[in-house]
Amino acid sequence: MTDSPWTPLRRMALAGSVLLVGLVAFEQIAVSTAMPTVARQLHGLGIYPVAFAIPMAASVVGMVIAGTWADWAGSKVVILTGTALFVGGLVIAGGAASMPVLVLGRTVQSLGGGLNVVALYVLIAAAFPAQLRPKVFVGTSGAWVAPSLFGPPVAGYLATEGHWRWVFWLAAAAALPALALLLPVMRRLPPPEGSREEASVVRRRWIAAVGAAVGAAVLSVAADQPGVIVVIAAAIGVALLVWFAPRLVPRGTVRAARGMPAIVATRALLGSAFSGADVYLPLMLTRQHGMTATEAGLVLTVGATSWFVGAWFAGRMKTAEQQRRVVRIGLVLLSIGIAGAIASAWPATPGVLLYVAWLIGGSGIGLAYSPLTVLLMGMSAPEEQGRNSSALQTGETLTTSVLLAVSGIVFSALGTHSEVLAFVSGLVLALLTALLGTLVSRRLAPGTAGGTQRALVAITEASDAG
């Protein structure tokens, strides 16, 4: 690789990375829109929650496997495998004649997507110098904007017209050009240094990934269970997560130890707080303010657009201290946005307030999201980049699934008594999560790290400043 910035190979790698991340985002967003129609046509409403829970669990397993695999063998083989599984799963899902086959296809697709999102971080760290990485991660963060804008209407149109299978097949076809853009730079990557972890450590982490994924899946379907079963399912899910999830993140993450553990914890709290609020906003606008589905959906467009604007601004931060500062500012803005959403839960409040609130909230997560990735990669030795990227993604995914599950259980319990109380309860949980993230974000700078980590941070900050 040449040291000159923005070579044609790097531009191709950026385009391929953005497209591949965008396809993962499109599938998550578009499938959520089309799934009610798909489930009715395939007579699978009885296992509707499972169609989301099992693929989510598969993505967690894929993320954890990708971390160790990329450290050991490099990002190329992981991306090739992940893309093959992603495309194969989409083809299976698109051709499904029954709901179980659809779930199988989505599970294979999600496993591949989990492999790809982690391996792409490792690829970016290897292919781009430190001064370019903030802009690259702005691109991958912005890859969620277009699917947020166009995914729901496209998927809704295809499902309404009876062509829901193309929701899967179009994404499968688009994955091949994305891979073609990445191949030239992958061929020129230096050989991996190889992971120094013992096989027994890797084996225990993979077992923990399965255990945590099962726990998250069980917890995510708990809200749909009747009577005492919801309590039993929730207890099993929480127990599995408490036992296995801490093994998938750096030691000290649960107590937000300074440096890398706090980065992973902050990202988990940031992502889950945003998702925990975002999921309720369209429903709240239709139920509490009488808006149409199209009008209510615009709030997600506002949030996605302001996310990208915030991410663009964050990409201009060159030093680690500047990046830590915008993370803290972003979490404050996200908290303000969620607080504004809470105020919009009452019908007497003007509905336009929610759009303003989510303009602020979206810019907040945009400011904070990609700098956390840059900070983490700057603290990671080359042979640790896969494992640490995996921890960052896995922590966010598991925390988000837990918050959404708990919020869903509370919402279901309170919704029959008071819709205002139900919406407020879900949003308050998201607000508390964002406020906790604001506190944890004060610990992003390394404290009493070991000599190797201090040296890595010093070198990275000097490189960024230059």
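Positions of Cβ are set from backbone N, Cα and C atoms, glycine also.
Annotations in TrEMBL come from automatic prediction, not curation.
As annotated by TrEMBL, domain 'Major facilitator superfamily (MFS) profile' applies to 13-445. Marked as transmembrane segment by TrEMBL: 77-99, 111-130, 142-160, 166-185, 206-223, 229-249, 261-284, 296-314, 326-346, 352-376, 397-414, 420-440 (among others).
A Cβ distance under 8 Å defines the sequence-distant neighbours of the transmembrane segment (326-346), meaning residues of its chain 6+ beyond its ends; these are 266, 270, 273-274, 277, 280-281, 284, 288-289, 310, 313-314, 317, 353-354, 356-369, 371-372, 375, 420, 423-424, 427-428, 430-431, 434-435, 437-438, 441-442, 444. Residues 1, 9-10, 12-13, 15-17, 19-20, 23, 26-27, 30-31, 34, 79-80, 83, 86-87, 90-91, 93-94, 105, 109, 123, 127, 154-155, 158-159 of the same chain sit 6 or more residues outside the transmembrane segment (166-185) yet have a Cβ under 8 Å from a Cβ within it.
At the 8 Å Cβ cutoff, the transmembrane segment (261-284) and the transmembrane segment (397-414) share at least 3 close pairs (sequence separation 6 or more) and count as touching. Only residues 6 or more beyond the boundaries of the transmembrane segment (142-160), in the same chain, are considered here, and those with a CB under 8 A from a CB of the stretch are 17-19, 21-22, 25-26, 28-31, 33-34, 37-38, 166-167, 297, 300-301, 303-305, 307-308, 311-312.
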